[in-house]
Structures are given as structure tokens and as C-alpha cells.
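Novice: As listed in Swiss-Prot for this protein:
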{"type": "COILED", "residues": "462-492", "note": "coiled coil"}
{"type": "DOMAIN", "residues": "24-220", "note": "domain 'VWFA 1'"}
{"type": "DOMAIN", "residues": "221-261", "note": "domain 'EGF-like'"}
{"type": "DOMAIN", "residues": "262-450", "note": "domain 'VWFA 2'"}
{"type": "CARBOHYD", "residues": "74", "note": "N-linked glycosylation site"}
{"type": "SIGNAL", "residues": "1-23", "note": "signal peptide"}
């Protein structure tokens, strides 16, 4: 019911509520996460380049991952190797058998603050941390051997050969790089496929955002959709440890998260939609191609024509560039072709400047916007803005634009919330990995499905008017009866 207010008498509101005009609040989806038995060793860099407050962020990340595991002698065992110029075994796979003990032990870890001997640390993992004397179990298809390496610098020793030996020994290696880390080194360390095993964040302040990825990586569960253990009305989609509901083409998911309603947005509804896309250097060329696929995924769900949906596209970095205005292309095919041709700008992240452009130009009549047609902006960014966004973000919403904020990687949650329309939880999305933005695209497809008459106000108002007419007629009759009674009383007296 965005942007629509129906002023009704209390009695009528209660009647409508009892008849189910408004849906119940969203229900939580089912969850069931069980981790496959795993010998997990964290290998964490605490060299002098990692400041004490940054090292605390690493400890928070470790704790968050551990919180999502089934910890125990017969399930997941956890060890931690701390390294700099030397290697310190903080605790072994056999040391702690409960989650509470592990979390307390992580909090006691202190940085070593010297050099960066990453190869030495990986060798220690092979020869010591994953040995049976330290609590590792015999190599088996039923038990995962996993190492997570976290580093922020270039190693002072070789990593390629020792990492290859670790992988040959059956150890699956994830490499997380922070800040000015050497990406080539991360690729030498990590297991294949590299896209799944190499992660990068700009700073330790955002490393915690990778938590969800690793919780999902360790989560195994039976297919709840296949077993029928769900309450989706139309389509059930399995996710690690849970499931989500979706709807068939032509339907949109209701607020309860499980039932579907026919969506009239594809036939007869007008919409002016502008994408505001971050093309800064931190996105990287291969990820920018994924962003273009994300845009076209949403475009594919629209009915594009002069009377229905119009699409515009703006890219920004240190400056703002309009790729094409609203209404330039009259069909989906031409829009998608133009998106594919969009060149990557690189450079900085001036989100505030881009939002100002959206407000001042993108939704102007001169750029194809239509008076009286709903305006929707989708802002996509992967990092902290280098300028001020508050005023432009507020103005966009004050003007009635419906704003969605999509963040990936190092995007700042507070900025996403500031951009997003109310209710904020329904208008901002975040993922740590560009490869999963298609999941957000599916959610946005349903969100921007515009109902021709979202709260059926016309019908309700007609009903309200009829009721009020009947009440007025009844009041007039009662007044007439009262006057007659009064006249009779006067005659009797």
C-alpha cells in the first residue's frame, strides 16, 4: 500500500481487518542447519601491519563463524594458528570440545606484531595442526578438512608449493585478503574453484560481512523442499539450512512470505525505473559484468512500452554518466543490448553526487519521466561513498521516489539504510559476494511489481460512501421519529 492512505471509520477498519483485507505480518521461514563433520583450522595473520583494533575485528569474525557451527568431538572441531614472523598454535583441534570454550579461547588470542610468514604457517597446518596427535581425524569422505587463511599483506616467504601440498593432502583452503593484500598470493593459496575460495574486503571493519558465506559453506541439510517440510503455496527453493518461497510468473509473493497474489504490474501499470550503478574501481571488470546481468535480470521481468514500464540507466564513479534516459528504448531487447554495451568507468565512489543527479535530472520530464507515474530508483554500490549522501537521499524520498538500495562486498549498511525507502527492511539488500546478486534480483522483481490498485481504495471508498449515505438516511428518520414523539408528549401534557 505504498503511498496510499485510506481514511476510514474505526468500525469499517475493524470490519476490513476481520475480513482479511490486510495480510498478517511476515512469518519466519523454517531453519534447519547441521554442519558436516569438519576439522577446521583458522590461520590468521597478526603481523605488524594488522593494528590491535583490526585484530579484534578478526576475532569477531572467527567467533561469528564458530557460532554457526555444530561443535563437538563427533561433529566440527576447531583449531587456530596465529602467525607473523613465527607461528603460534593458539589451540588445537582437540583442545576445546564445546562452542562456549572455543569462543572464550578466541577472545584470549593476542597479536604477534612482527613479519608475515604465510608459507610457514601453512606448513605448520600440514605437519602439525591437521595431525592426529593434535586432534585431526583420519582422512575420510565423511569428514571435511578446511583451512581459512586471513591475511592483509604480501608474504615474506613462498606460498605456492606449500599450498599445493596442503591441497594434495585433502585440505580445502579458503583465502581471505584484506586491504593492500597481494591478490596473486591469495590465488596461489586457495583451492579451486578460485571464485568460491578467494574473498577480498577493503578493510578489517567489514570482514564480519563474510560470516554468512562461511556459515552457509559449512551448512549441510536435507532438501526441505523435496521432503515437503515447507509451507510455500507455489514454489519452494532450497537454501543452506532453510528454504524460501517464490511465485510463478504473473504472481507476486505476499507479506507472509509463503502465499502468492496475481500481479497486475505486467499489464496496464506504468512505471518509471532508473538504475543508479556504482562503476568505481573497487567493483572490478569481471564483477561489473555480473552487475550488468543483474540489471537485465530485472528488465526481463518488466512489460516495457510507452504506456507501461520505462527504464533509464546512470553509472557513477568519481563523476556521473547517464547511459540512457527514460523512454529512449521502447522494448526489453533494446534496453538489454544497451546495458551489455555499457563501458566500465572505474575511479572513485561519489554516491551522493549520483543521487543528486537522480533527483535533479533522471526523473525530469526532459529526460523522459511521465507526470503522475510511479518513480522507482535502484541504487547499486559496493563501497563507502566518498561524499555526503544524506541530503540527496532524503530529497529523493521526499519527492515520492521509491528507493531501493543494493549493497555488495564493502558496502556500508548505514548508507544503504539511509538511501532506502520505508519500510527500510523491505527496500535494502546486501550480499558479500557479487556472484549471489542474482538472488537479490529475484527479490527486486517481486518488489517492483506495481499493482494497478494496491489497496483497492476505489472500491473501499465506494463502500464507505454507501454506508455513510445509509447512516445519514437512518439518522434523518430517527430525527423525524424523535420530533413526532416530542409532539405527542406535548399534546399529552
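We count from 1, first residue shown onward.
Glycine too: its Cβ is placed from the backbone N, Cα and C atoms.
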Novice: So how many other Cβ atoms are close to residue 74 (N-linked glycosylation site), meaning within 10 Å of its Cβ?
Specialist: 9
Novice: In the predicted model, what is the mean pLDDT computed over the domain 'VWFA 2' (262-450)?
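Specialist: Value for the domain 'VWFA 2' (262-450), mean pLDDT as a whole number: 89.
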Novice: According to DSSP, which kind of secondary structure is residue 74 (N-linked glycosylation site) found in, if we only use helix, strand and coil?
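Specialist: Coil, per DSSP.
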